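As recorded in Swiss-Prot, the features of this protein are as follows:
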MOD_RES   A2  N-acetylalanine
ZN_FING   15-59  zinc finger
MOD_RES   S86  phosphoserine
ZN_FING   90-132  zinc finger
BINDING   C95, H98, C117, H123  Zn(2+) binding site
COILED    130-241  coiled coil
REGION    185-198  region 'Required for interaction with GABARAP and for autophagy'
DOMAIN    281-493  domain 'B30.2/SPRY'
Amino acid sequence: MASGILVNVKEEVTCPICLELLTQPLSLDCGHSFCQACLTANHKKSMLDKGESSCPVCRISYQPENIRPNRHVANIVEKLREVKLSPEGQKVDHCARHGEKLLLFCQEDGKVICWLCERSQEHRGHHTFLTEEVAREYQVKLQAALEMLRQKQQEAEELEADIREEKASWKTQIQYDKTNVLADFEQLRDILDWEESNELQNLEKEEEDILKSLTNSETEMVQQTQSLRELISDLEHRLQGSVMELLQGVDGVIKRTENVTLKKPETFPKNQRRVFRAPDLKGMLEVFRELTDVRRYWVDVTVAPNNISCAVISEDKRQVSSPKPQIIYGARGTRYQTFVNFNYCTGILGSQSITSGKHYWEVDVSKKTAWILGVCAGFQPDAMCNIEKNENYQPKYGYWVIGLEEGVKCSAFQDSSFHTPSVPFIVPLSVIICPDRVGVFLDYEACTVSFFNITNHGFLIYKFSHCSFSQPVFPYLNPRKCGVPMTLCSPSS
């Protein structure tokens, strides 16, 4: 009720020209009131057009001197500006300024207005339409914009998820690299510690040998000096004594003097000493990385028992050893032991058949004085020969192996020469530390077989290249005559 009264009052104090609340209101004799600025502008226009002034509402002429300020209306307008309409009066479908229904849409200003707003100076000359006419058009536009934004939101969420995934991946990768770096440098420190200890032991041994030799030389020189001193004293005594003393046994003295030979002591020139060379750290790191890389392909290898091999296999199929010696009784009951004939049957294959890919395994050969291990293309009965002479261990017969004899001689077996086809070409391997554990890496596609000395920090022992794998290949073990077992290591060992 109060809101309706306020709306009616507002209509009474609205300028008919600008349709706004009266500002500095002026009243004419006819009773109509206008803003001072609006009435002044209208007066000037009327005088130019007609030569007289008339009320813009009722067209009754007036004299400028009869215009008077309307203080009463000005006070009402001032009070009205201070009063806000109640929520009921401020309906969303009514103009907040004029109280009229919002039925029009101004295209230039993008606003919903009432018919009084349309006639005001603010919207004069603008393109206006009924709200019902433009609502559907803008609804379609807003729906399209909404769908586009939802699609952008989905893309943003997917990109956000990708970034989180990439962030987690990078974190995992860098953590993995950190772990590898720590492991590599820990190994490097172990090698440096070992090299330092080994070098110090060599120096201590060198010091012991040299000082012992020099001590012996010193003792000999002391003895020689004492003998010379005694001989000199004898000669001086003879020369200072009587004729009888001079001639008594003179020939023996002269002979002793002539036979004096000064034995020079053994010396050790410092310029001929072995010069210490610091280890190649870059090369060591490359070795670590190569071994770390191939160990990613570690497979769990076990042996496959068969009826033709005389090798002894453990229950878990990881240990292979030579058979125990047999007791033989000779003539007159003489008792002695001998091994069975180590022919082709002594070798044993791994159970894994390899036809592609990269494969790595390790064999523990600690405390063994003889062994052969590597890769074999399978047993070939038509190529059986005396393994005791190593005749069959050649790549052309399907063997890519290395071996140890007499506890120190490490060799690789290559193809024989044209002149001696039955004898493999033995390649002596320079191994500083005899391996207690050997790593074998087979790259089927690259046609290579590599052997690593795990005991000596993973240094490469030997590598077969250009291997011809025409059929499936298997891990190969031969314990030879040494009774100590050779063991296939598990990846977790």
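Glycine is treated like the rest: Cβ placed from N, Cα and C.
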For the zinc finger (15-59), the distant same-chain contacts (Cβ-Cβ under 8 Å, at least six residues beyond its ends) come to 66-70, 73-74, 77, 80-81, 97-98, 116-117, 119-121
Candidate with sparsest Cβ neighbourhood (10 Å radius) among C95, C117, the listed binding-site residues:
C95
C117 (Zn(2+) binding site) - helix vs strand vs coil (DSSP):
helix
Fewest other Cβ atoms within 10 Å: which of the binding-site residues H98, H123 wins that one? Let me know.
H123
Compute the centroid of the Cβ atoms of C95, H98, C117, H123, then list the same-chain residues not in that set whose Cβ lies within 8 Å of it, in sequence order, for the Zn(2+) site.
L19, R97, E100, I113, C114, W115, L116, E118, S120
Pull the DSSP breakdown for the region 'Required for interaction with GABARAP and for autophagy' (185-198) and write it out as helix, strand, coil residue counts.
14 helix, 0 strand, 0 coil
How do the residues of the zinc finger (90-132) split into helix, strand and coil according to DSSP?
7 helix, 11 strand, 25 coil
May I have the DSSP-based helix, strand and coil counts for the residues of the zinc finger (15-59)?
14 helix, 8 strand, 23 coil
